[in-house]
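Notes to accompany the following structure.
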Amino acid sequence: MNAPETIQAKPRKRYDAGVMKYKEMGYWDGDYVPKDTDVLALFRITPQDGVDPVEAAAAVAGESSTATWTVVWTDRLTACDMYRAKAYRVDPVPNNPEQFFCYVAYDLSLFEEGSIANLTASIIGNVFSFKPIKAARLEDMRFPVAYVKTFAGPSTGIIVERERLDKFGRPLLGATTKPKLGLSGRNYGRVVYEGLKGGLDFMKDDENINSQPFMHWRDRFLFVMDAVNKASAATGEVKGSYLNVTAGTMEEMYRRAEFAKSLGSVIIMVDLIVGWTCIQSMSNWCRQNDMILHLHRAGHGTYTRQKNHGVSFRVIAKWLRLAGVDHMHTGTAVGKLEGDPLTVQGYYNVCRDAYTQTDLTRGLFFDQDWASLRKVMPVASGGIHAGQMHQLIHLFGDDVVLQFGGGTIGHPQGIQAGATANRVALEAMVLARNEGRDILNEGPEILRDAARWCAPLRAALDTWGDITFNYTPTDTSDFVPTASVA
């Protein structure tokens, strides 16, 4: 009697019907060397218990490019080897054994030129709810020059904005009108006038002031521009106020933007929550009409703040620069809103660099050539006051808008005095810096000396002193200890 024959399972072929691991379908290639023309993405992933990190990385690559849950024969009708995204590197996250950094390369032909909506539909459209992964976060991206050149970028940029304002050698100053809701058009305009007359360069609508029963948008625009014109005449300076044109439809947003232009406004504003197609459309309108576009990052914290899941703001900032905003809120580090100092400085690099170099301490994982795209003016706003002027200039330099909302309008001597306090503090600090003084360490002394001759600044320092919202940041680099803002 013959011995029973051992039956061995036949190895699976790539296009055999059924379910196959993503890494076996070609979405993992540890030997892959990214091309200069690839779009690169870095994800922080937390695989489910028992899931191989390499398989999880391959799943991210697959689900953000061409894969579905089972083998499909129609892949063979495409240049599938080229169109498959490739996870090519997986690193453990320092001090966090459950998390991994996975690097994914995408062929440039996967993306429509000049469309952030298309880019995001692939990169973040599906993978964040994939069951084998507990959590995923998009930490950084690199775009090839060929892709960057399909975007027009900011219509104005830092240099042209300064030329239009005729203001050089210092940060710009602004304030958000408070309270953000409830004022009548006339009272709103009065707040704007007082702030600009006192020395600010800009006033600003807040994210949720649109057209409500207490103040129709047209009334606000009329009273605000009357205030801007009167303050400009009184001071001899070019002034502006960010008029929020955010509305329920693109048609209505265009209508409000046209009205702002007809009144002589130099700048309009939109909220991040309007979406990428709308942001790019408004950027195109601003380019055609010689207007500055301010972007308030309303809603970003819902997906940027948590370290293990969502999208890092450095990625949002890169998308916004491509999309063509001229201003964007990027954090203060010393204010009331989330922001690790080094991480926030990384956001400023994304806005202002001609070529952003890898800097792991700032959370920048890739070099990025911006291909002569104009630079974005970062905006520091949220819980800052005159007593922090030395910290703000030390952290962010000159090319930034420092917006003191409560730090202007909450001044005990009134709005105009609050604006004057901020302007005097700024000019005293810039002068001291230009004289070679160590403003970070000598800053409090410099402010006290300036306050001897400026009652509004003295009152501001007496009211807020050295108040800083120094909480432990939730979003920090995993490569270095968190720096202190003190």
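Any Cβ shown, glycine's included, is placed from N, Cα and C.
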Q) Considering the substrate binding residues Asn126, Thr176, Lys180, His329, Ser381 given in Swiss-Prot, which of Arg89, Arg297, Arg305, Arg352 is annotated for that site as well? A) Arg297
(Q) Among Lys21, Lys134, Lys204, Lys261, can you tell me which residue Swiss-Prot lists with the annotation N6-carboxylysine? (A) Lys204
Q. Do you know which of the recorded positions Lys204, His296, Arg297, His329 has the most other C-beta atoms within 10 angstroms of its C-beta?
A. Lys204
Q) For Lys204 (Mg(2+) binding site), which of these binding-site residues sit within 10 Å, Cα to Cα: Asn126, Thr176, Arg297, His329, Ser381? A) Thr176
Q. Whole-number Å distance between the CA of Lys178 (active site, proton acceptor) and the CA of Arg297 (substrate binding site)?
A. 18
Q. When a 10 Å sphere is centred on the Cβ of Asn126 (substrate binding site), how many other Cβ atoms does it contain?
A. 15
Q: Calculate the distance in Å between the alpha carbons (Cα) of His329 (substrate binding site) and His296 (active site, proton acceptor), and round it to a whole number.
A: 6
Q) How many Å separate the Cα atoms of Thr176 (substrate binding site) and His296 (active site, proton acceptor)? A) 11
Q. Just checking the recorded positions Asn126, Lys180, His296, Ser381: which sit within 10 A of Asp206 (Mg(2+) binding site), CA to CA?
A. Lys180, His296
